[in-house]
Amino acid sequence: MSKMRVYEYAKKHNVPSKDVIHKLKEMNIEVNNHMTMLEADVVEKLDHQYRVNSEKKAEKKTEKPKRPTPAKAADFADEEMFEDKKETAKAKPAKKKGAVKGKETKKTEAQQQEKKLFQAAKKKGKGPMKGKKQAAPASKQAQQPAKKEKELPKKITFEGSLTVAELAKKLGREPSEIIKKLFMLGVMATINQDLDKDAIELICSDYGVEVEEKVTIDETNFETIEIVDAPEDLVERPPVVTIMGHVDHGKTTLLDAIRHSKVTEQEAGGITQHIGAYQVTVNGKKITFLDTPGHEAFTTMRARGAQVTDIVILVVAADDGVMPQTVEAINHAKAANVPIIVAINKMDKPEANPDRVMQELMEYNLVPEEWGGDTIFCKLSAKTQDGIDHLLEMILLVSEMEELKANPNRRALGTVIEAKLDKGRGPVATLLVQAGTLKVGDPIVVGTTYGRVRAMVNDSGRRVKEAGPSMPVEITGLHDVPQAGDRFMVFEDEKKARQIGEARAQRQLQEQRSVKTRVSLDDLFEQIKQGEMKELNLIVKADVQGSVEALVAALQKIDIEGVRVKIIHAAVGAITESDILLATTSNAIVIGFNVRPDTNAKRAAESENVDIRLHRIIYNVIEEIEAAMKGMLDPEYEEKVIGQAEVRQTFKVSKVGTIAGCYVTDGKITRDSKVRLIRQGIVVYEGEIDSLKRYKDDVREVAQGYECGVTIKNFNDIKEGDVIEAYIMQEVARA
C-alpha cells in the first residue's frame, strides 16, 4: 500500500480530516495537520480501525439488544468484544517461537489501541456513530424526489426596475433560466443587473404573466402633488382676501377699521413693511385677510399674496385715482385669475371724485355693475368707517358664488405667509392652512426645513391646538427659518419629515450650484462685454424674510450705467460678527433693515473698517445706495484749454528730435498738460509734452509773455507758425 496524505485518506473514506487526525493521535502517531504524509503501515492501521468500527455498527444494527441506558449498552458491547478477542487469541496455536512472539506483541498493541478507542467513545458518546452519521445524507438524498417547479404567478408588480435575481424570484424560476431567455432575446445580463421595463415585459410575456408597474409619488416635490378629495368630504371654508393698492391709499387703515386695531401706528413711516394675516367674523362667517404691502419694492410679496388669495380688494383713493402700483395690483390679480372688488376709499374728503376713478379703471377692463359690467365697486371711508359693512357683505357674496370648499379631515397643506427668527422662540413662521387641519405636534416640512409643530398662536395672540382651512397661525418648532411663500405639508411621522426636508434642502443646494456653474455662449459673451463693469457688493440683513426679499428685489432693480449690484448674502436676523467677516473678505457694505449689529459685530466693523448702513424705511435704503453707486462711477471729465503758444523757430537735435522755440500768447503751458498741434486751423496731432524748458532749465510751467522750448512726445513734424494748444481734463460732478 502506498503513502498518502491525511486529507487524501479522509477524502477516500468520506470522513472529515479532523476525525482522522484525532484517531492518529489516539494511536500515539504524531500528526501536525491535514497535509502530513502517512506511511503505508499507518494507513493499514487506520484501515483496521475503521473496519472494526464498521463491523460493530453492523452488529448493533442486526442484534439491537435491550439496553437500560446508552452508556451501559456501550460498556456491555466493549466487554463482550474484549472477551471475544481474548478467546480468539488463546485458541490460536503457536507455529514458531519468534513468529508467535511478534504476533502477540502486535495483538497486544492493537488491543491497547482498541481499548483506548472505545474508552474515548464511551466518554464522548460519538465514536461508533461517526460512520453512520456520514453515511446517512447519501441515503436521504437518494430517497428525496426531484424538486417541483413553482407555479407561475398570474401577475407581478414592480417599482422602477428589477434585477435578474429579483425577477427570477417573483416568477419562481432559477436566475440562470432568466439569463438564458434574455440571451435568446439578444440581451447580455448578469444576475445582479437591472432590467428596464421593456425587458421585464418581454420575459413575463414569454411566461404568460401580466406585468404592472407601480407609480411612485415623489413626496419630496409635494408642491406638484394634487390630492383630489371626494365631493362629500368637502366643506365650506372662509375666503382668503388680499388688500392691494397704491402706497398711502389707505390699505392698512381699511384693514384696521375692519378688525378694530391700529397696525399703522406701529409701522415705520406709516407704511406696512411685511405681510400680516388676520381673521375676522362677519355675520357668523369668517373672513381671512392678508395685508400685502403697497410699496412697489414689495412686488414679489404681492404676487405671492395673489397666489394664496381667493378675492382681491383693490383700494383706490377717491382723490388720487389710478396710480402705477394700482396697475401692478390689477395685473397680479388677473394673472392669478382672482375676482376683484374695487374699494374706492377716502370718500370723506371734499375733493373725492369716484366717477373719475371708475372711468380710469375701465381702461383695465374693470367695469362697474352700475355701468353694465361685472366688477363690484364699494364706496367707503376707512377713516369714518362708512361703507365697510357693505364691503364685507360683498366679500361674503363673492365667496358664495366662488363655492370655496376644502377637506378638513386630512393632513394639512398650505403656504408660508411670513417667517422670521425670534430671539427667544427661534424660527417662527406664519402659515396659511389651505387644506386639512394643522395640529400641535404634527411633523411638518416647510420649504427646505422641517420640524414638529411645538406651539400655534392665532392672529389674536391666543394659543390654539388646531387650525382648519383658511386659518392663519404662527407656529414654532422648525429647525430653520423658511422662505415666505414656501409650501408646507404635514407627514405621518417625524422621521419621514426629516428625510424629506433634508432631501429638499440638498436638492435646492444642487440646483443653486448648477445655476452658478452653468454658462451658455450668450452669457459668456455678456460677461466679456461687462468685463470693465464695477460691482457694488452688498450684505442684506432684515427683521423678516419678506423684507429681505423686497430689499433684494428693489436693489437689483437699480440701474446705474456702469455699476452692477451684487447681493453677497441676504438673511433674517441681527447683524453678526460672521456678516462683518464676510463683508471684509468680499469688500461689501452691510445693510441692516429694522435690525441692529450686536456688540461683537460693532467691534469687528470698527477694526475692519466695514461700512454698516442701518435703516427703517425702504425708500432711504434705495436712495442711499443709488447715491453710493453714482459715486462709484468713473467720473465725467470735460476739456479745459489752459494756454496757447506760437512756434517761432524750430531746432533739430540728434537723439532729441525737433525742439519748438515758442512764445506763450495766452494762459500758460504746463509740463503735465496735454497738447494739440494746430496748423492753419487744423489739428495735426494730439499728445503729451515730453519736455518744457526755459533757457537750459526744466520748468513746471511757462506763463503768458514768456518764451520756452517744447518737445512733443513721439512727434517731430513741427513747423514755424504752428500753434501749440495746452489743455487738461477736468473732473465734473455727475448729475
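Each position is counted from 1, following the chain as shown.
From the backbone N, Cα and C atoms, a Cβ is placed for every residue, glycine too.
Swiss-Prot lists 52-154 with the feature region 'Disordered'.
According to Swiss-Prot, the feature compositional bias 'Basic and acidic residues' maps to 52-66 (among others).
According to Swiss-Prot, the feature compositional bias 'Basic and acidic residues' maps to 101-117 (among others).
As annotated by Swiss-Prot, compositional bias 'Low complexity' applies to 134-145.
Taken from Swiss-Prot, the feature domain 'tr-type G' applies to 236-405.
Among the features that Swiss-Prot reports, region 'G1' is placed at 245-252.
Annotation comment: Swiss-Prot describes 245-252, 291-295, 345-348 as GTP binding site, evidence class sequence analysis. Neighbours of GLY245 (GTP binding site), defined as other CB atoms within 10 A of its CB across all chains, total 28.
Swiss-Prot lists 270-274 with the feature region 'G2'.
Annotated region 'G3' per Swiss-Prot: 291-294, in sequence order, evidence recorded as similarity to another entry.
What Swiss-Prot lists as region 'G4' is 345-348, and the listing cites similarity to another entry. Sequence-distant contacts of the region 'G4' (345-348) (same chain, at least 6 residues past either end, Cβ-Cβ under 8 Å): 249-250, 253-254, 315-320, 354, 379-384, 386-387.
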(request) Please compare the binding-site residues ASP248, MET347 by how many other CB atoms fall within 10 Å of each one's CB, and tell me which has the fewest. (result) ASP248
(request) Helix, strand, coil: count each for the residues of the region 'G4' (345-348), based on DSSP. (result) 0 helix, 1 strand, 3 coil
(message) Please report the three-state DSSP label of ASP248 (GTP binding site).
(response) coil
(request) Across all the protein chains here, work out how many other Cβ atoms are within 10 Å of the Cβ of LYS251 (GTP binding site). (result) 28
(message) Taking only the residues in the region 'G3' (291-294), give me the average pLDDT of this model.
(response) 54
